[in-house]
Each structure stands twice: as structure tokens, then as C-alpha cells.
């Protein structure tokens, strides 16, 4: 009997050892205590996400340089509003395709998305270098590059929320600053190379830069934990949460007006002869450079005072500065205006994901879906905003009408953001929200 009992005990221990790895508990997407909130691997994800923003929003932020070149050289007989559709469709696809790729990310195909996005971006740039007609630019720059950007953006936001909790604001701000740096590097390279090697080879060089900078995220980024089940594309119940609904509407109208200076400030400076052509091309780089700090500093503050308390003043200042374009008339004035607008508008890209995460702490498994829905609202605003601005430019009101249009939309966005804050945390001014 003792021998049989010993044999049965050994057999039972052996079976338990065999099944133990299967029963090991995986980190839960809802378990904040399991989130590392730092460490080498976590910060490598931030570095990788930096280059994803660099090659998604950074490319979108560069379109103002293309707008100016197309209006003056490549497509001189095409209306400004028609050219603006190229950048708007590109930004629209960045967000909509990004939202649609959420379920693909949930199934563990993160690296497939990165590889697909990299290939589409590089192919799109190479095809753009050979374009001479509007429809060709539409296919290469708006559709191909826009779809490639969409494969990169939302997964980069989603992965950071699994590595950071208390420091999510700083992490998101550092990653989002990549969009500003892309908006600095790409316009300067475009402007410096264009007179020497022409449009075709300048565009190819930008494609090679994209390829080089996409190597690092493809090598270092790793999914820490997947949601327990594939997310659904829609979470309509979230719109019954007043703060979330107001946040989405604020994003929609805010992004309708936000990109007016990014698309038209260079053209404005040239047509009004506020600056010489060489300086005008650097206005976009100046705005994107200060936007780097506008993505980091408000996010750092948001970890202390709350994301709503950080974004509302930035939205108000963005509106005021957009109105100021109406009266600017000197080179020094427009440089200062561009610098301040870049800083305060930067929070519109980096803080909304942090706000959505803060509104979804009780449902972390739905963060991806809610981010996707909010980005879809942003996408529609981006799609229609700048073409409407371009159409206003062709009326008697001209640039004045475009700046007032953008400023009014930003005022409305600031009001909705404040309303969302009140719904979320109440009227208390000193409350972290």
C-alpha cells in the first residue's frame, strides 16, 4: 500500500508540473497593478512609438509644404481647396484605417501591421516621385501613404496603455512628440533638396528616410498583453457617457479648424508678402518644432492636474492665436505667432488619447474601441475642415474668412472640452480632472 501511495503521489505531482505552465496567470488588461509603468522594455516602446508618430502624423504635418509647391509649380491650375483634399484624405485615412486595424492588433498581428504600414509608406513615396497629374498624386500620396499611416497610428497608442498607468501622460507625450519632429525634419529636407535635385529625387530621399526610421519600431516594439477577446469596432454605449460624447464632438469640430495654419500659413505669408519665399518655407518647421514642447509639457502637467485641466487652456489659446492671423503683417510677427500656435495646438494630438484612457479606467478592454471611435470623429473633421477653408479662400473674404472660420471652430471645441470636464469631475476648479 505504501508503495502504491508513493507511486500515486509521484504521478499526481508530475501531472501538476506538466499543467502548471498552462495555468500560469497572464497579466490582465484591466489589472493596473500588473502594468510595469517603466523599465527598459517599456521605454523602448515609447521610442518605437515616437518613430511611428514621426512617420504618421509627422507626414500629415508636412503637407503644408506640398500644398505650397503644388499650388505654385506641380498643379498651378488646380484650386487650393482641391489640392487641400489630398492632405485631408491622407489624414482621414490615417485615423479611419487605424481604427479598422484595431481588431487585427487584438488578434496578435501587431508586427504585420508595422510591416504593412512601412511597405505602403515607402511605395507611396516612390510612386509620388513620378506623379505629374492630380489623380496620380491622389492615388500615391492621399490613398497609399494615408493607408500606410493608418496601419501605424492607433496600434502605437494602444500598446503604450499596456506598459504605462500613472505615467501614461508622459509616455504618450514623448511618443506624440515624434509627430512634431517629423513635421520639422521632412519640410526642411523637402525645402533644402528641392532646388538642387528636383521634386522626384527629393520625394525618393524622403522615402529612404521613412524606411530607415521604421527599422527601429519593427525591431524593438513588443506586445505585452492582448485583450481577453477581440474588440468590437463599435461601443455605442460609450456615447451615453456625457463626458465621452462631448469629448468626441470637441475633437470633431476642433480638428476641423486646427489645421488651417498648418495647410495655409506658408501660402498666406507668400501671397501677402509678409516674408520672403525662403523664410516662408520654414514657417511650418517652426510651428512643428514648438509643437514638440506642446506635446510633452501639457502631458507632463496632465499627470499632476489631469488631462482636461491641461487641454482646455491650450484649446482656448489655439483659438485666440488663430484669430490673430487676421492682423499679422510682419515677418517677426508671423514667426512668433507660428511658434505659439505650434505649442498650444500640440496638445490636440497628444492629450485626447490620454483623456479617453482616463474616461475608460473601469473598462480598459474597451480602450481600443473607444479610441477608434474618437479618432473616427477626428477623421471626419480633418477630412472636411481644410477643404472648406480652401473654398473660403476663393471667396471675397479670403484668408480673413479662413482664419475666422478656424478660430470659431476652436472656440466651440474649447467649450465642449470644458463641458466634458464638468460632466466627468464637476465644477471644482482645483479638482484633478
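Backbone N, Cα and C define each Cβ position, glycine as well.
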Exercise. In TrEMBL, which of 21-40, 201-220 is labelled transmembrane segment?
Worked result: 201-220
Exercise. For the transmembrane segment (310-337), which partner among 168-189, 241-259, 279-298, 375-393, 399-420 gives the most CB pairs under 8 Å?
Worked result: 399-420
Exercise. Any chance the transmembrane segment (42-63) and the transmembrane segment (112-132) are in contact, meaning at least three CB pairs closer than 8 A with a sequence separation of 6+?
Worked result: yes
Exercise. For the transmembrane segment (138-161) against the transmembrane segment (241-259), do we get 3 or more Cβ-Cβ pairs below 8 Å once near-sequence pairs (under 6 apart) are dropped?
Worked result: no
